Amino acid sequence: MEIVYVYVKKRSEFGKQCNFSDRQAELNIDIMPNPELAEQFVERNPVDTGIQCSISMSEHEANSERFEMETRGVNHVEGGWPKDVNPLELEQTIRFRKKVEKDENYVNAIMQLGSIMEHCIKQNNAIDIYEEYFNDEEAMEVMEEDPSAKTINVFRDPQEIKRAATHLSWHPDGNRKLAVAYSCLDFQRAPVGMSSDSYIWDLENPNKPELALKPSSPLVTLEFNPKDSHVLLGGCYNGQIACWDTRKGSLVAELSTIESSHRDPVYGTIWLQSKTGTECFSASTDGQVMWWDIRKMSEPTEVVILDITKKEQLENALGAISLEFESTLPTKFMVGTEQGIVISCNRKAKTSAEKIVCTFPGHHGPIYALQRNPFYPKNFLTVGDWTARIWSEDSRESSIMWTKYHMAYLTDAAWSPVRPTVFFTTRMDGTLDIWDFMFEQCDPTLSLKVCDEALFCLRVQDNGCLIACGSQLGTTTLLEVSPGLSTLQRNEKNVASSMFERETRREKILEARHREMRLKEKGKAEGRDEEQTDEELAVDLEALVSKAEEEFFDIIFAELKKKEADAIKLTPVPQQPSPEEDQVVEEGEEAAGEEGDEEVEEDLA
């Protein structure tokens with residue numbers, strides 16, 4: 001509805017009408033310049049002038065359509081392995097195959113299908129579809145791209161008080177999720193009000209975590225169960241072992257008792273390859289390795305004390321800060337200690353002392369990373385102090401390969417799961433180094449500055465394309481490496497094998513040479529002792545007597561000097577004589593001197 005209002009005013013109230021006409025210009029006033037005022041003029045220097053140098057900005061609005069996503073699942077029942085058979089365990093699969101091959105129905109089906117398949121195979125072999133018709137043409141040169149990496153996503157700690165990302169774990173099914181453990185590792189420096197939550201992130205949604213895990217104490221380690229992706233195992237800062245089931249929510253499903261847990265933070269937790277998928281073990285800086293079954297967390301099933309003296313004394317145990325277990329070697333495991341020593345253990349040994357097989361000393365500081373090569377398990381990688389080292393189980397005295405000393409401390413390392421000669425390291429200055437010792441041994445193939453703060457942990461995806469790095473401020477950066485770093489190269493396995501064997505052989509030769517030199521030095525020392533004659537060993541009595549006399553007189557003279565000094569201290573100080581007395585004393589001394597001179601002359605006569 002329109003509203004109209006009419007203003008009314010009389011014509012007489014408008015005033016007289018203006019009549020304008022053209023005329024010539026007129027000069028109304030003319031002021032002549034004053035020279036006296038010109039002499040008083042002073043230029044201002046400096047001059048304050050206001051300017052505006054801010055960036056001009058404009059506001060624009062855009063309406064973009066939201067990309068909606070939904071999760072769908074498919075349950076495939078036909079085919080595959082039975083539930084009681086773990087496809088990752090070689091022994092179980094071989095046993096199941098042998099059982100199926102003995103079945104009569106399987107044998108009859110193979111016999112019936114064999115004739116059909118034989119006809120198809122003969123057809124395939126009749127013509128070589130890969131035959132080259134133009135051998136004379138020059139092969140096209142393959143352009144090798146430079147190694148590179150790019151940032152895919154960044155997952156930031158949603159809490160206001162930032163914590164360090166201490167451990168990462170990839171989801172076993174498709175690696176579409178990432179579990180991150182957050183904790184403050186500075187002893188008794190945790191800020192007031194710091195949250196103890198850790199999170200599971202979806203790679204497609206970096207804005208909000210998919211699930212928050214709420215432990216009783218901040219988590220130092222966190223691992224997905226490879227058999228059941230809904231179950232996670234965590235090691236707490238107070239030494240407890242916690243277990244979660246994501247189907248039940250954020251709260252802890254199983255928790256070990258404080259009395260039977262570790263006394264220090266749990267720096268390593270690993271799932272074991274078992275039929276039930278419920279067995280695991282943990283390591284801590286209290287010097288203990290404990291085995292657990294998550295169905296009964298009241299006490300550990302087994303405990304090993306890391307006492308390299310093999311006396312099983314907890315006060316002499318070395319603190320464990322990294323843990324390694326290879327499923328192909330189910331009885332062996334390795335522990336990296338705070339003292340820079342790697343301990344190789346055998347779980348199936350009869351006594352606790354025999355469970356510690358050998359040690360590998362080689363670092364000046366704690367060993368923050370320890371991992372076997374996925375292609376050659378006899379060789380393993382360690383990171384401690386300012387270097388990364390590659391070891392062989394056949395050479396215990398020294399490593400076979402090592403990097404140069406960096407300016408910043410190394411914090412973590414991992415092998416590439418697809419290339420045997422590639423490994424990754426992180427540093428305290430926020431740099432990620434990618435090493436490929438098949439092409440270059442002295443320097444990293446690629447160094448990438450991920451962030452300004454220190455990088456604490458890293459984890460490589462199973463296909464080797466993605467790398468997750470956790471920083472001191474809780475920022476997890478997801479990186480994608482170039483195809484050259486995530487694709488197996490031609491003859492790379494043979495090159496890596498020959499390189500490991502050559503370096504191991506070289507270290508053995510050096511160890512043997514050092515052993516010979518030590519034996520020679522020991523023999524020379526023993527020979528010098530035997531060559532000493534009886535005269536050299538005989539006691540020189542005169543020398544001993546003279547030495548004893550000198551020591552005796554030295555003691556006597558020292559005592560006399562001490563007594564004289566004490567007597568001087570006890571003697572009273574005489575008063576100062578007057579000038580007259582001084583004159584009398586001087587005259588007496590002169591007279592005494594003259595008498596003495598006369599006596600001397602008489603004696604001479």
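From the backbone N, Cα and C atoms, a Cβ is placed for every residue, glycine too.
Here is what Swiss-Prot records for this protein:
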COMPBIAS  579-605  compositional bias 'Acidic residues'
REGION    568-605  region 'Disordered'
REPEAT    150-203  repeat 'WD 1'
REPEAT    208-246  repeat 'WD 2'
REPEAT    253-294  repeat 'WD 3'
REPEAT    301-347  repeat 'WD 4'
REPEAT    355-393  repeat 'WD 5'
REPEAT    399-437  repeat 'WD 5'
REPEAT    443-481  repeat 'WD 5'
Stretch of maximal Cβ-Cβ contact with the repeat 'WD 5' (355-393) [cut-off: under 8 Å; candidates 150-203, 208-246, 399-437, 443-481]: 399-437
Residues of the repeat 'WD 1' (150-203) by DSSP state, where helix covers H, G and I: 0 helix, 25 strand, 29 coil
Mean predicted confidence [pLDDT] for the repeat 'WD 5' (443-481): 89
Summary of DSSP states over the repeat 'WD 5' (399-437), given as helix, strand and coil counts: 0 helix, 20 strand, 19 coil
